[in-house]
Amino acid sequence: MSDFYLVVLGFLAVLACFDLFVGVSNDAVNFLNSALGCRIARFRTTMWVASFGVLLGATFSSGMMEIARSGVFHPQMFTFNEIMIVFFAVMIADVLLLDTFNSLGLPTSTTVSIIFELLGSALAAALYKIYVADGSFAAVVDYINTAKALTIISGILVSVGVAFVSGMVVQYLMRLLFTFHFEAMYRRIGGIFGGFCITAIFYFLVMKGAKGASFMQPEWIAWIDANTSAILLTLFIGLSILFSILLWTINFNIFRIVILSGTFSLAFAFAGNDLVNFVGVPLAALDAVRDFMANGTDGDTFMMTSLAEKGSKAATIFLLLSGLVMVLTLWFSKKAHRVVERGRLV
């Protein structure tokens, strides 16, 4: 039987590669559209910046993998065989759904897709299990992690409103700051503006994202937490002085650095947050197979309690390989370029 599970795991790995391909094709518009639309740099320059962001951000996504393991359902309520069926169904549905949207040139939320695919698959498996056992369908709440699932869904809905309001406010403030007497204001505060923007990007990417990195040691994270204020203040002052000198001496374009840094950070955040949507399920299946082969005897009775354990991190090599597939997709996928072009025209 172990050979059969290895075949299933291999098929899930193949599906993960397809999912990465169609997922990145779908989401490329989210972090490429702004930089390509304003033509602040050449196409290849923007693509290289985004590629480095995706590759590095992939290594920071380990902490998000818990969502696929236990964020939507309680894995300890399912046997090994049931969990593998759930994961298999989720991957098939995800690839078909995203590929359909990409073929139509329509971007969709990969996070919404994977969450509701996990929820629907786990719900169907739970209802079938209750039906076979002649139990009460009210017990389905014991199988679904309702608190965490509702938190994730609420976060998705709230993020739409937050993105709209924050985008409107920031756009208004930037217009108010630079629209009137642009050249004078730009030379006066352009360096400080650039220093603030890069420092803010550094804070959200490195200071806040470090805890999810697969290679970070606890003592490194503790040092960053203890010295956050000093690091940010030093970075802000240093960058503000550097940008001001460059602006006053060689008329350096601060906005180009800010926009390309923003593109890098968006690509970084995309890989860090959304990689779980593509490979989280196969990696969870890998953990399940490892646990079963080490401790299980019968797939119909062995419960997946191990998937509910906190603190598990994905291997860095798997994350880097996933990031490499994402980068190759960015460069060579015609569907990715089609979705980006559609986004620029909207």
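Every residue gets a Cβ built from N, Cα and C, even glycine.
Keep in mind the model is a prediction, meaning the values are calculated, not measured.
Looking up the ranges 151-173, 289-311 in TrEMBL, the one annotated as transmembrane segment turns out to be 151-173. Where the transmembrane segment (6-24) meets the stretches 77-98, 110-131, 151-173, 226-247, 314-332, the count of C-beta pairs under 8 angstroms peaks at 77-98.
Beyond its flanks by at least six residues, the transmembrane segment (77-98) meets 5, 8, 11-12, 15-16, 18-19, 22-23, 25-26, 108, 110, 113-114, 117-118, 121-122, 124-126, 129, 142-143, 277, 281-282, 284-285, 288-289, 292, 296, 299-304, 307 of its own chain at Cβ-Cβ distances under 8 Å.
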